[in-house]
C-alpha cells in the first residue's frame, strides 16, 4: 500500500509547480452539492457557471456531438479546431510532464518531436527585441531597466492572461456522483492517479490485480470528466463480448448519470441502432466488443472520442493484428488500457502498448529495442532501472494482499490422487503407442510431443474422453462414471462434504467434453448446477450467472471452461473453486480463481487443484508454479519476463511425458484408496506447503539469474541432472510392460521387415529377387512366413550383407549383433521345404486385394460383424459364401494383422453406434407408447436442462416427427428440417424455421438423453413397486382337511 501511495503521489507531484490542486475532502451524497459546484468553479474558473449554465453547456456538447456525427461521413479526415487545439496543448504538457519524471524521456522525445513543426521543443520561447550583445552592454553599464522593452513585457502579460489555470482535482473521499456506494481508499487513489494522467495529457495502463475494481475506477474517471470538466463524451469502452453485460450493469450501478449505450447485434440490428441511437448523439459512453469494432470500424471512425478505454489490453500487444491496426485509426483525445495480468511479454510487445498510448513519444520500435537491448535488459541492473523509470509514469499495478485488507483470504490446496485401473490401461496404451519417442535421444517432432501430452492429460481427467472407453451401448449414468476416474472419486467425496458445509462451488476444466461428463454426474447425484463454456450464447450466459448469484439460489455448482469463464464474470457468491485440470499458463488459473476471490466476497475462498500423481500433470503443475513464482519476482521489481523462457521446449515436453511412465508400467491395478476426504485434504495441504516452501527458497536464490533456475527445476529430479545424462546418451531406458497376447514372431518379423514400420531412416536390407508378394490380410499359413524368412536370411548370407547399426532403436549394438548372428547361421531351404513353400502359397486368400479388405472392414463397421449378407453386398465381386469364409478366418486370426488395434477400434465404434441406435429407438418407442395423441399430449421432463431457446411445443414436434420418420433413417434431420418449415403451427416462428439440420440433431440428442433418463426412472419405480407388492402379498396355506 505504501508503494501504491508513493507512486500516485509522485505522479501528482510531478504536475506543473504552478498548478492549483483542489482537494475535495468531504461530500454529502446527492445529485448536486454546493461543495461539488464550488470545487468545479475553483477548478475551471474560466468555464465555471451556474446550474443553468452547466445545462446549457451540456446541451452544447450534445449538439456538437450530433453535428460531428452528421458531418463526419463527408470528410473523415477533417479535424475539429477545438479538438486539434486540445491535442496540441496536451502534447506540450505531456512532454513537460515526462521530462520532469526522468531525463530518460529526452531520448525518445527529442528525435520524434523534432520531426513535427508544431512540437513544443521547436517553439521559440519569447521574442527578444534586443540582441544579446546590446543587452549585456546595458547591464554592464548599470542600466537594468532597459534590458526588456515595453512591447516584450506587454506580450508576456497578455500571454499569461490567456493561459487557463492548470488545475488538478484530488479526491480524499468518494465523489458524490458515484451512487452505488463509497469507493475504497485504494480506489480513490487510483482515481486520483487517472485524473492526474488526464490533466497532464498522458495516457496510461491501469494494471491492478483482478478483482480490485478497475471497472469502477474507470467509470469514476468518466464521471469526473462529466461532472467536473463538463466533458460528457463521447467516450468508447472496448471490452470482450463476455463482459458487455457486466460493464453495462456497473455503469448503471455506480454512475447512473452517464448515458450509456451498448453496441452489439447482427447486421440489421446494428444498422437500426446506428440510425436510431448512435447518430442522434443522445449518449455519453458507447460500450462495444472487439468484434463489433472490426465489423463497423467505418462508423466508429466518424467520431472524435474523448476517452478510448480498452479492457483486456493484451489483445492489442501485437501491433500488426487487425484489432490493433483498427483502434489506432480512431481519433481519440485520451486513451486508457486495462489489464489484470502483469506485463509478461517481450520488450517489443511492451513497445506496442506504449506506442498505442503515446505514439508521438514511442514512435520507433527499433530505437526502443536498441535503447533497452532485449538480450541484456534482464541481466543488466542499470537497464532494468532505466526500464522501470520509463514505465513508472504510465503504469499503476496493485495486488490484493497490499491494498484490500478487508478481503477474506484465499487458500489453495493441491490434492494428489492416483489413477483408476481403466486410466492406467489407457495411459499405458498411449505411452506404448509412442514408446519410440520415450526412449529416443534424437530429433523429435514437436507437434507429435504436444499430441502425446494432450492425450495423457485427457486420460488423467477421465478415460471416457476417449471414444470406445465407456462401457456400452447401452450407456448408463451410474457408479461407473465415478469409479473409472481417480479425480471423479475424490471430487465425489469432496462435493458431498462441501454440500454439508453449505458451500457453493465453481468447477473449472479446459475440456468442454469433460463438462458434459460432469453434467451427467450432477444429474445423477441430484446437484443443481449451471454451465458456461465457449459455445454458450450470450443471453444464456447472463441468465446462468444471475441464477447462480441470486439471493437464496438453490444452484450448488457452476461448471465453467477455464478459458471462457476466466474473464469478466463475478461469481463471488461461491466460496470454493475446484480446478479439475491446470492450464499451461498459470495466469489463466489465477483468473479462474478470481471469479470468486474478488470484492464482495464475504467468506474465505478455498481453491482445490486436482493433480494425478506420477503422471504428466505433476510436471505441468510444477512448471506452472515455477513460472508464476518467477513472474511475481520480476514484476514486483519492475522488470519484464523474457518470452523465450516461457516457451515449452521439446526436451521439456519429453521429460514431462517420461515422468512417471515406469511407475505406470509397473502395475495394472488401481491406485485408488478408500481414504476419507479429510485424510486426503490433510495430505494435500501438507504437500502444498512443502512445494510452496521449496519454491520460496528457489525464488530467493534466483533474483539475479532466474533463467538458470527454470532449467534446473525442470531437468533436476531426485538429485540427478538429466541434461548431463542426455548429453552422454544415457537417458534411462523405459521398459515397456510385457504384453499378454498370442504372438506369432515369424509373422511379426516378416512384415516388420517387409513394411519397414519401425526403421524408416535405415536403407532396406536386400531381399531375394523372385520372392512372392504376400500380405498379412491374405492370411497365409504361419509356416509360410517361417520359410520365407529363412530364405531371406540365407540370401543375405550369400551376398555377404552386414547389418548396419540403427541409432533410433533401443540398444542398437545388441540388436545389430542378434540380427547379424541370424544371418551368419542361416541355411538354405531343403527340397522338401521348397515344395512345402509352393504348396502353402496356394492356401491363402490370394484373390483378396487391399481394396477388398478395406471394403470388408468398412462393412463390418457399418453393419456389425454378424450381418454377413449386408457385408457381402458392400464387398464388390465376392459372393456371400466367400465373405463368410473370409470373415471366419479374419476373426480367428485378426491378431496377426499389423494395424489390428486401429482396425478393431474402427469396427467397435461402428457396432457401438448400431447398438446406440437400437437403444434410442426403444426409448422413443416406449415414450411415444405412453400417449394416445403424442403430438398433443407428450410431455418432457426437463429438470434443470430445459434451456431458453426451444419451447415445449417445438420439442414435442421434433420428438414425435423424429419417431414417425424413423430415427436411423438416412438424412433424417434434413427431412425433419423440411417438415418444420412446412408445419402450419410454425409459420410465424422465425427461430425454429431458421435452424439448420445440425442444430436439430443437437437438440434431438439432448431431448433423447432426457427421455432415456425419464425411462430409467420409470423402470426403477416399477421395479421398486413390484418388489414392494411381492413382499406385501400374504402366503396362502392350503390344508388337506379344509
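Start at 1 and count along the chain as shown; that gives each residue its number.
Cβ atoms here come from the backbone N, Cα and C positions, even for glycine.
Not measured: the values here are computed from a predicted model.
Features as listed in Swiss-Prot:
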COMPBIAS  51-60  compositional bias 'Basic and acidic residues'
COMPBIAS  73-82  compositional bias 'Basic and acidic residues'
COMPBIAS  828-837  compositional bias 'Basic and acidic residues'
CROSSLNK  650  SUMO2 cross-link
CROSSLNK  716  SUMO2 cross-link
CROSSLNK  738  SUMO2 cross-link
DOMAIN    195-360  domain 'Helicase ATP-binding'
DOMAIN    843-895  domain 'SANT 1'
DOMAIN    946-1010  domain 'SANT 2'
MOD_RES   942  phosphotyrosine
REGION    25-82  region 'Disordered'
REGION    819-849  region 'Disordered'
MOTIF     311-314  motif 'DEAH box'
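Helix, strand and coil residue tallies for the region 'Disordered' (819-849), in that order: 16 helix, 0 strand, 15 coil [DSSP]. Secondary structure by DSSP for the domain 'SANT 2' (946-1010): 46 helix, 0 strand, 19 coil. On its own chain, residue 942 (phosphotyrosine) has 1010 as residues at least 6 apart in sequence with a Cβ closer than 8 Å to its own Cβ. Sorting each residue of the motif 'DEAH box' (311-314) by its DSSP state yields 2 helix, 0 strand, 2 coil. Residues belonging to the domain 'Helicase ATP-binding' (195-360) score a mean pLDDT of 85 in the model. Residue 942 (phosphotyrosine) carries neither a helix nor a strand DSSP state and counts as coil.
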